[in-house]
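What follows is one structure encoded as structure tokens, with my remarks underneath.
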């Protein structure tokens, strides 16, 4: 039922009998009690939208009001001149900070809910003032002049950015600083307003502003602590004021330094990793490249030595890239320390090479150590070849082109090694040793063939991601002999082998071949001494024989020779201490 229809049904000239002191008058209300609320407008104000519009068309205008006259206080019988006033959501009128409760969402609607689309906060039923969450103030001992709806009305704001303040007057003929509904402010969100006399004295008064009201100053709310901090009166400078300014800026500076410190170290770390790895020669900076040329010109006895020399030149480059930053300097020094340890026992660094050297061995036979090495099958001669490797190549015809992979009789097994050190020594001494269970299986296979066909072993290092070669089993297992050359002393037994292929073949070349005797898993996902059926073994041997490799363990043969010498010296020292 619209307000315009109610105007035609109600007579004029009857006063309101309902007071604001008590709201428990459900049964005693008459239709004449609401005459002041719905009477025709004596002084219409065309600046506001008519109340008959259910959905306010000017919802997003800077300010929205209702066309009630000032002489007829709509919901108050105390003669107050409050008028309903609503503001648009988040509207700033005169550039003032919007720190006061907004009238659009700060007042309760029907049954205490939020008004819908800017509708006024009165209840839908005129007799339902007792449902107002803020209207029942009979127990507060306040004046009876204010009604349950007094907190829902506000005077037109002047310079508070569309916020609502009770008791404000926007017209010159109205009394300033008059807030009749202050008894309900303590109970609602509308009470959030400036309550400090010092703030009121420091802020200039504006017509219609209730900042300087004495009745409002008693209502201090904790949430209004921010505005006084920003508009506090000037005080003489003291050490506390001076210290407070750096205190606000200092965390930001520390945060920036922290961010800069955390973002700057990665480039030098990556730069040093490029220098220290076996694969990359370090073409990033000029200083490492010069050191690399010097290392190539020196006589090479082992691969770790150039790495250590090259790593010692890396910290100045890292420091130069960082500049005057002092925080990123500590990370680079441990790297030369680690590489110096690797110069003595380069086990950690060496095991990085098999996995990543595919990108570092495309430089005309020069590996990541900066030492000229011959790639297997490439035909190039090393600048400083190792004598042991040259002797092995002269005796054995590695990677033959006329290999007969189409076997009529024979057996093939997968061999998984713990490290490339053992692969190096197997090639060097032409022997191998498996686990106790593996030795029995290989020995039985060799004896079952009885010379009718070969027993091939497909070697792969755990975690390397490639097969490193193929060897043929040449003798039965001797269980009573310990070779004593392996990187670990737990292996017992020995049998002779002859290496045929020494090349790195990635698992991606062989992953499509699956073994029906191993749950149909790829041949690359096999355990030690896993037998490969003959038909599948032919496919594997064909791929390995025809694969054009770029890397092999021969590229790091000098490195493993040095490692073996170091291990043997350590064993001799232990034996000398034991005696």
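If you go along the chain as it appears here, the first residue is 1 and each next one adds 1.
Just so you know, glycine gets a Cβ as well, placed from its N, Cα and C.
Site annotation (Swiss-Prot): RNA is bound by 416, 417, 418, 422, 432, 433, 486, 491, and the candidate from 396, 397, 450, 462 recorded at this site is 462.
You'll find the Cα of residue 462 (RNA binding site) roughly 29 Å from the Cα of residue 394 (phosphoserine). Binding-site extent for RNA: residues 416, 417, 418, 422, 432, 433, 462, 486, 491, maximum pairwise Cα distance 17 Å (rounded to the nearest whole number).
When the Cα atoms are compared, residue 394 (phosphoserine) and residue 491 (RNA binding site) turn out to be 30 Å apart. Look at residue 394 (phosphoserine): DSSP puts it in a helix. Taking the Cβ of residue 491 (RNA binding site) as reference, residues of its chain lying under 8 Å away and at least six apart in sequence are, in sequence order, 433, 434, 435, 482, 483.
Around the Cβ of residue 418 (RNA binding site), the same chain contributes 461, 462, 487, 488, each under 8 angstroms and 6 or more positions distant in sequence.
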